[in-house]
Amino acid sequence: MAKIYLAKPYGFCSGLKKALSLINDCEKKYQHIYCLGELLHNPLVIKDLQKKGIKMIKEKDIDFLNNLSKEEKKVTAVIIRTHGISELILKKLENFGINIINTTCGYVKRVCLIAENLKKEGYWVVIVGDSGHPEVKTIKSFLAGRALIFKRNLNFKKYPKIGVIAQTTLAEDSYQEALVDIIHQGQPKELRIFDTICPEVKKRQKEVKKLAKEVDLMIIVGGKNSANTKRLVAIAKKAGCKTIWISTGEELKKYQIPFKKFGKIGIASGTSTPEEFVNLVIKNLKKEVTER
């Protein structure tokens, strides 16, 4: 029978645990709760929040909040997602006089502060990450036109002062490759490099890289729109291990895989995946390896 190995840590990261704790407190205090953008990249968790009455809204739709009466504003709160929001939108909400519950991840706040300080010191800031990701958009908003989203073979020579930062969920290998590319392009007069990848994300990446070399199959659990989960999948595959990506324990049945034929199976999860999701995968996997 296949042996099952679980990469640790698993379940929510500390930032999400803190965010959800703030939201639980928020539910006790306010009658109407809105979340600006999706709190985290896990559709099933988002559905659970919506069942509790929390409404997801987009930045372009926030003006209605300013039209609420003073009494309505007292019982209404807006949650700032863990990826953060632009400085402009945050100031707009503050001017509305609405209650703000800021769950922005501490590591994201740190990157934004580094970016803002670099801008003040006259640096162009190279962000290594996904240009469409909410976090990258948040960081970019603090740079007032001095942001450069990393692309290979971008001409860095024309920028005399460059600071380099990474999206907090970026794979370490990807960041190193980007730095090599920047240096090979010809270093600017001043080059400052910051390690801004979340240490919790790093630990999971390290554990997956190690476990994927020791097992015959890796199962990565997490939302299909989760950047850090996507990178765990890529790391496992890069290690040469057969890898499947699922969101829930029920999805195991979709794969016509004789799980019991694998000697060792590894399981890992993204930072936006609840522990109970992982535990259900383990429970269902144990059934699969004994029944099939």
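Note that Cβ sites are derived from N, Cα and C of the backbone, with glycine treated the same way.
Note on Cys13 ([4Fe-4S] cluster binding site): other Cβ atoms within 10 Å of its Cβ, all shown chains, come to 25. The [4Fe-4S] cluster binding site annotation in TrEMBL covers Cys13, Cys105, Cys198.
Among the features that TrEMBL reports, isopentenyl diphosphate binding site is placed at His41, His83, His133, Ser226, Asn228, Ser272. In this structure, His41 (isopentenyl diphosphate binding site) belongs to neither helix nor strand by DSSP; it is coil. Long-range neighbours of His41 (isopentenyl diphosphate binding site) (same chain, six or more residues apart, CB within less than 8 Å of its CB): Gly223, Asn225, Ser226, Ala227, Thr229, Gly270, Ser272.
Residues or ranges marked as dimethylallyl diphosphate binding site by TrEMBL: His41, His83, His133, Ser226, Asn228, Ser272.
Among the features that TrEMBL reports, (2E)-4-hydroxy-3-methylbut-2-enyl diphosphate binding site is placed at His41, His83, His133, Thr168, Ser226, Asn228, Ser272. His133 (isopentenyl diphosphate binding site) falls within neither a helix nor a strand when secondary structure is assigned with DSSP, and so counts as coil.
Annotation comment: TrEMBL describes Glu135 as active site, proton donor.
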Original post:
Going along the chain, which residues six or more apart from Glu135 (active site, proton donor) have their CB under 8 A from its CB?
Top reply: His83, Gly84, Val108, Val111, Gly129, Gln167, Thr168, Thr169
**OP:** Starting from each candidate's C-beta and looking 10 angstroms out, tell me which of the binding-site residues Thr168, Ser226, Asn228 has the most other C-beta atoms.
**Re:** Thr168
**OP:** Determine, to the nearest whole angstrom, how far the Cα atom of Cys13 ([4Fe-4S] cluster binding site) is from the Cα atom of Asn228 (isopentenyl diphosphate binding site).
**Re:** 11
Original post:
Roughly how many Å separate the Cα of His133 (isopentenyl diphosphate binding site) from that of Cys198 ([4Fe-4S] cluster binding site), to the nearest whole number?
Top reply: 16
